[in-house]
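S.K.: Got a structure here, written out as structure tokens. Questions coming.
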Amino acid sequence: MAANDPGLAQMGALAEDPAKGAIEATKDGDLVEEDRPVAPDQFDEKFETGKYEIWAYYSYYIGNNGLTLFNFAPTAAQNLVYEHARVVGGEDNIRLPFLGSVRTINSIVLLCNGISFAIQIVVFLVLGSYADFGTFRPNILIVLSLIAWGLGFGWLGVHESGQWKTGLGLYIVGLIAYQLCLTYWTAAFPGLARNTRELREKAQQFEEGEISRDEYDFADSMKRNELSNVAFYVQSMGEIVILAVIVGVMFGINVNKSTERNNWGLSVLIAFASGVWLLLAIPWFILEKRRPGQDPGMNIVLAGFWQLYRAVTQIWQMKQSLAYLIGYFLLGDSLNTTVTVIGTLQNEIVAYNTLELTYLLIVGIAAQAVGIFTYWNIQKRFRLSTKTMFNVVAVGIIVLDGWGMIGVWTDKFGFHNKWEVWLYQVFYGLFVCPWYSYSQTMISEVTPRGKEFLFFSLFSIIGKTSSFIGPLVSSAIIDAAGKTKNANSTPFYFLFALSCVSFLFLLFFVDVKKSRVEQREFLEREAIAKEKIKGGPSELSNVS
């Protein structure tokens with residue numbers, strides 16, 4: 001799934017333009033060795049990425065679109081909490097005892113969100129470092145997907161207010177399964193891009209001196225951007241079709257007839273979307289070429305922890321990767337918490353109406369498709385870097401938090417009105433959703449070749465840590481605000497400041513070109529360390 005080693009990634013590229021010996025004959029008949037650069041990716045034709053494999057990759061993403069465990073499962077859980085609060089305390093009650101304190105509904109949801117991401121940190125620590133070894137890596141995604149589908153179908157048995165704690169449990173575990181599946185699917189795209197025929201041709205041009213290393217690296221970056229952005233666009237278009245079918249299902253169930261029908265409709269929706277995900281995942285499981293991963297060079301159990309240890313210790317010498325890690329932590333914290341806070345406000349505004357929530361999603365996904373299509377075409381036309389596009393998205397996040405912060409001071413706008421949630425879906429789709437493409441491509445920009453799954457896991461750990469801290473801080477802010485007016489909007493103070501700080505940090509402290517040099521030095525040190533463990537020579541030369 002990831003770019004492999006040594007098939008796709010050399011362990012030790014010793015120079016910015018490494019050289020290999022090519023034997024040529026002189027006019028006198030003598031043989032001489034000519035030095036010429038070697039592309040960092042070595043290709044095996046049997047692992048060449050084909051169009052059907054790419055479309056199978058897209059197909060999995062259409063299925064794992066988030067409707068199941070990321071969008072509607074949290075809504076269903078919050079709805080059950082809301083219904084139970086009304087049952088025990090009356091129509092206006094929004095508080096329930098949960099984990100030792102009496103909390104508001106929004107605080108409970110944010111707390112569960114934080115618990116879910118805290119658990120994900122532990123899971124990524126265990127699984128992440130092993131996914132780069134051997135050919136069994138696709139099996140990890142298959143097992144995780146099976147768990148996710150089981151959770152999605154499990155919602156069919158949870159749709160009554162008395163089951164609110166079970167619903168919160170499914171919400172917590174469901175987010176874990178969804179995020180794990182998404183991370184291990186995403187980490188495959190650098191390997192797919194680097195095995196394409198286009199990149200092989202670029203590698204040949206580089207080796208023959210027709211293009212420079214910078215031109216080769218730019219072609220590599222653009223191919224990864226293409227796969228990431230097109231996958232997101234195709235997923236968006238497919239998701240609109242799925243949502244259109246869901247609208248028909250909701251009318252068939254008649255979700256507007258009663259509260260009970262609406263609750264049941266949410267559970268059916270989650271199960272239906274899980275079934276679609278299952279069917280669309282099958283092509284990827286069949287067509288993915290099981291490219292060989294790293295040779296662990298030691299017992300695989302020890303190798304996973306050794307690799308994790310090496311990455312954690314060595315990343316301090318990879319200053320650009322570390323800088324992006326910090327910025328990703330801060331901005332990811334802001335965005336993940338912002339989406340959760342706005343989601344809780346939106347659910348209250350539309351009174352958890354299943355049909356209206358579906359209509360909102362259709363508008364949001366349509367805007368998302370337009371946004372990602374526009375961003376990618378602008379990037380292609382003007383040959384803009386990944387970081388430039390990423391910075392533009394960051395500005396959109398700041399605007400979103402600023403709008404929410406205004407809602408602390410006034411009821412006229414700031415996510416208090418129904419028209420605002422419709423506007424939010426459009427703005428979020430057009431200007432913020434490209435984050436999910438460009439942030440992942442940026443990870444691949446600062447990741448050493450052949451270490452995709454390990455580094456994606458490290459970044460996911462950081463992302464989950466931020467997603468763990470942000471909701472807990474926001475939950476505490478809401479609880480501290482008590483019964484003051486617009487208490488549920490008070491987290492936007494924290495989120496707006498966090499977005500601004502993280503944007504400025506990423507803008508001034510991340511240099512992708514410097515990162516590429518640091519990555520090659522990292523791979524050289526890694527190769528030498530492995531040789532020492534195996535009792536080999538202390539230095540490597542002519543690694544190719």
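Cβ from N, Cα, C; glycine included.
Pulled these from TrEMBL:
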TRANSMEM  105-127  transmembrane segment
TRANSMEM  139-158  transmembrane segment
TRANSMEM  170-192  transmembrane segment
TRANSMEM  230-253  transmembrane segment
TRANSMEM  265-287  transmembrane segment
TRANSMEM  322-345  transmembrane segment
TRANSMEM  357-378  transmembrane segment
TRANSMEM  390-410  transmembrane segment
TRANSMEM  422-441  transmembrane segment
TRANSMEM  453-478  transmembrane segment
TRANSMEM  490-510  transmembrane segment
S.K.: Which residues, given as numbers and ranges, are at least 6 beyond the ends of the transmembrane segment (357-378) yet have a Cβ under 8 Å from it?
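M.R.: Hits for the transmembrane segment (357-378): 67, 71-72, 75, 225-226, 229-230, 232-233, 236-237, 239-240, 243-244, 246-247, 250, 269, 346-347, 350, 384, 389, 392-393, 421-422, 425-431, 433-434, 437-438.
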S.K.: Of the listed stretches 105-127, 230-253, 265-287, 422-441, 490-510, which one has the most C-beta pairs under 8 A with the transmembrane segment (139-158)?
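M.R.: Going through each listed stretch, the top one turns out to be 265-287.
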S.K.: Can you tell me which parts of the same chain pack against the transmembrane segment (422-441), counting only residues 6+ beyond its ends and a CB-CB cutoff under 8 A?
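M.R.: Residues packing against the transmembrane segment (422-441) from afar: 186, 189, 221, 224-225, 228-229, 231-232, 328, 331-332, 335, 342, 346, 360-361, 363-372, 374-375, 386, 389-390, 393-394, 396-397, 399-400, 415, 456.
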S.K.: Of the listed stretches (105-127, 170-192, 230-253, 265-287, 490-510), which one yields the highest count of Cβ-Cβ distances below 8 Å with the transmembrane segment (322-345)?
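M.R.: By the under-8 Å Cβ criterion, the transmembrane segment (322-345) pairs most with 490-510.
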S.K.: Please figure out which one of 105-127, 230-253, 490-510 racks up the most CB pairs under 8 Å against the transmembrane segment (170-192).
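M.R.: Most contacts with the transmembrane segment (170-192): 105-127.
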S.K.: Which residues of the same chain, at least 6 past either end of the transmembrane segment (490-510), have a Cβ under 8 Å from a Cβ in it?
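M.R.: Sequence-remote neighbours of the transmembrane segment (490-510) are 320, 323-324, 326-327, 329-331, 333-335, 337-338, 341, 387, 390-391, 394-395, 397-398, 401-402, 404-405, 407-408, 414, 446, 470, 473-474, 477-478, 481, 484.
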